[in-house]
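Trainee: Pulled these from TrEMBL:
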type: DOMAIN; residues: 20-356; note: domain 'Citrate transporter-like'
type: TRANSMEM; residues: 49-71; note: transmembrane segment
type: TRANSMEM; residues: 92-125; note: transmembrane segment
type: TRANSMEM; residues: 172-196; note: transmembrane segment
type: TRANSMEM; residues: 222-255; note: transmembrane segment
type: TRANSMEM; residues: 267-286; note: transmembrane segment
type: TRANSMEM; residues: 307-333; note: transmembrane segment
type: TRANSMEM; residues: 353-377; note: transmembrane segment
type: TRANSMEM; residues: 398-421; note: transmembrane segment
Amino acid sequence: MMDIGLIALLLLLLVVALGFWRKVNVGLLAIAGAAVLGYVSGQFSGKQIIGGFSASLFMTLLGVTLFFGIIQENGCIEFVMRRMVGVFGKQIWMAPVLVFAMGFIVAAIGPGCVPAMAFAAAMAVPLAHETGYHPVMLLVIGNLGTYSGRFSPITPEGILIRSLLEEQGLSISITSLILNTLIGNLVLFLIVFAAYKGFRIKASDGIKIECEKEKMRADQVIALISVAVMILLVIFVNMDVGLASFLVSAVLILLRIGDEKKAVGSVPWNTLLLVCGVGVLMNLVISTGGIDMLANSMSSIMTSGTAAGIMGVVSAVMSWFSSAIGVVFPTLIPTVGTIVNNVGGGVQTAEMVSVIALFASVAGLSPASTGGAIIMGACGADEEFNRRYPGDKLFAQLLAWAFITIGVLAVMAFAGVFGWFG
């Protein structure tokens, strides 16, 4: 009879494939799959199956996304970012740097990757018009910035990774994770900049992005202060980031800074179902030894010199067909502890987590993924750029970048670059 751990692992792969094929939330399918596996095998009770749903992770993600839904609706962050563009955007060479930096900052302060990519895209298109830089170059660079900023301690991605590591009794420095991913993304920044001949753009009268003339509103000032308060509560009071977010959100709603209905409506419920739903099935996969089986299989073909590269490529391939935060991170990060122990030879936990995080993120430049789709949507919505860069050609460009960037990162991983900040 087939090993139950292998069955659980195959079921996970089936759930991911079905979700991709039928365009159904993988979290929903994962809960259904866990119910089938639990009762058909007779090894798990309903209580044990439901126990795989991480209430703490759900509360944390809900609190953070609720809070930043209020902040995003308020417009205070956008106001500050556009002011920064106005102040630092006088030199044309600053445009790519600004887009990258804004993508990083907006992702890092809490919303995570997708809202930050949308923000970077909204800034990149008018900058491309004003400066003459290729719009795809600026859009890709904006995405690259978010791919490092998304791993700060208060983002959904950072919270998830910390939770997955704690379940294995592991921990890494978030600073190491951000620096390792930043190295990779900065190298890709330079390659993309050179590929689109960004160095040939001549200085002009400067960037003329129209900034709002009115001063920051009082409610925006309070909202901005609330972001600082939330971060201070997490750092100095050691309050759970989810609870701190709920606390500050409640105060903002009471002060009428945020609209309760809009705030609740802004919560990405599909993402919460995806992440926590996959966790239900992953709990059974781990309990049955499926993850150990996967980790042992992967470590059997790894050496200390190839572990990071192999793990990175596997992460990228998975991310081309599934969600990084919903599938790739919950599947591969639980294998890190076993792989580090099995392979040995100086393989570091931070290095392995970094390549999973980085490769899975950058693979999102594919037009079939969210990052690529945002780029296509931004160009398609602009009449001039839509005419100059038709959808079919843009699709091919982004597909090429999805492969080229992963190839570059693979070379860096095999060279041990992502172990520099252990």
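Using N, Cα and C of the backbone, Cβ positions are placed for all residues, glycine too.
In TrEMBL, annotation is done automatically, which means it is predicted and not curated.
A quick note: this is a predicted structure, and the numbers were derived from the prediction, not measured.
Relative to the rest of the structure, where do these features sit?
Mentor: Residues 64-65, 67-68, 71-72, 77-78, 81-82, 84-85, 131, 133, 135, 137-139, 141-150, 152, 154-157, 185, 189, 193, 198, 201-204, 206-207, 227, 230, 268, 325, 361, 364, 370-371, 374-375, 377-379, 381-382, 385 of the same chain sit 6 or more residues outside the transmembrane segment (92-125) yet have a Cβ under 8 Å from a Cβ within it.
Below 8 angstroms of C-beta separation, residues 96, 100, 133-134, 136-137, 140-141, 144-145, 147-149, 151-153, 158, 161-162, 165, 349-351, 353-354, 357-358, 361-362, 401, 404-405, 408-409, 412, 417-418, 420-422 of the same chain, each at least six residues beyond the ends of the transmembrane segment (172-196), sit close to that stretch.
Sequence-distant neighbours of the transmembrane segment (267-286) (same chain, 6+ residues past either end, Cβ-Cβ under 8 Å): 5, 8-9, 11-12, 15, 25-31, 33-34, 37-38, 44, 49-54, 57-58, 61-62, 65-66, 69, 114, 156, 160, 323, 325-327, 330-331, 334.
Sequence-distant contacts of the transmembrane segment (398-421), counting only residues of its own chain at least 6 positions beyond either end whose CB sits under 8 Å from a CB of the stretch, comprise 136, 140, 173, 175-176, 179-180, 183-184, 187-188, 191-192, 305-306, 308-309, 311-313, 316, 320, 346, 348, 350-351, 354-355, 358-359, 362-363, 365-367, 369, 372, 375-376.
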Trainee: Mind checking which residues reach the transmembrane segment (222-255)? Cβ under 8 Å, same chain, six or more beyond either end.
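Mentor: Distant contacts of the transmembrane segment (222-255): 56, 59-64, 66-68, 70-71, 74, 76-77, 80, 109-110, 153-154, 159, 216, 263.
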